[in-house]
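Visitor: Got a structure for you, questions after.
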């Protein structure tokens, strides 16, 4: 196990295309960090730089007490789990697990001990003599994780390992990965574009945008106190509603105390914090009339997609099956404590 430290790391392609812009990050020993952001934000590039698969243009990366800028991947004491499993198709599961250890001249007894331990923890003991083509997608991903575990590395690096699995398997494997990481206590860096996956796995989230860090914090910190409008809309599903004060607030009303902050340009409200007006307790409130455009039933709740009088979209949640009709007008409200405020640059006020 080890700490991982990045100091002012940059990555530039062809001299002027900046993929990573001055990233600094300290990852504690045993911590599970998730790098999350939209496509092209630099999360996979950053992971590959930690792994040594991608060179850095400037800055410093340390694993434990060693600066690893000039070290090969095999010298960094890390193990990586890829999106495409990267299993040898002509080898059995047992051979896939042992291959890297044999190349490092690990004693046979130690190889068998590590394989037995990993196979038991991952529940792949019945499959040790099968080849990858005889396994399901979830079983292959477990084998890929097992190959990383038997290395007993200082850190695990995960590059979107669940993206090839169906929704049910993704949930199962999320739980499995978190359980294993806690049991092993190994420092882990995980890349995903799926904010739900990020929220459920991470000790801390690192939200990237355009090669820069937007915010670092626990999932609940980022959800409840997003530092920027970008983080506010990226973390949470459906996204936070952002209402632009520059378009005029004739479509909604709120006490002056809620909208009179100096520099205020945008108000944010999460869909789950909006209720039908009659369901909201008293006190200072945001209120608006919404024309219903669509209703999504997602089981125990529904999401209503509508528009305000000025054309701005608004999404809100209602319990159970909504009886609202398309083009119906309803009044909604939100209490003062649920509002978020951002300036013209998208920074939290």
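Backbone N, Cα and C define each Cβ position, glycine as well.
Marked as domain 'ABC transporter' by Swiss-Prot on the basis of sequence analysis: 4-235. The ATP binding site annotation in Swiss-Prot covers 37, 38, 39, 40, 41, 42, 43, 44.
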Visitor: Out of 38, 44, which of these binding-site residues shows the lowest number of other CB atoms within 10 Å of its CB?
Guide: 38
Visitor: Here are some binding-site residues: 37, 40, 42. Which one has the most Cβ atoms within 10 Å of its Cβ?
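Guide: Neighbour-count leader: 37.
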Visitor: When you average the Cβ positions of 37, 38, 39, 40, 41, 42, 43, 44 for the ATP site, which other residues in that chain have a Cβ within 8 Å of that mean position?
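Guide: Near the ATP site, the remaining chain residues are 193, 208.
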Visitor: Show which residues of the chain containing residue 43 (ATP binding site), separated from it by at least 6 in sequence, have their CB under 8 Å from its CB.
Guide: 35, 36, 37, 191, 193, 208
Visitor: Any idea what the model's mean pLDDT is for the domain 'ABC transporter' (4-235)?
Guide: 94
Visitor: Using a 10 Å radius around each Cβ and all protein chains in view, which of these binding-site residues has the most neighbours: 39, 41?
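Guide: Output for this query is 41.
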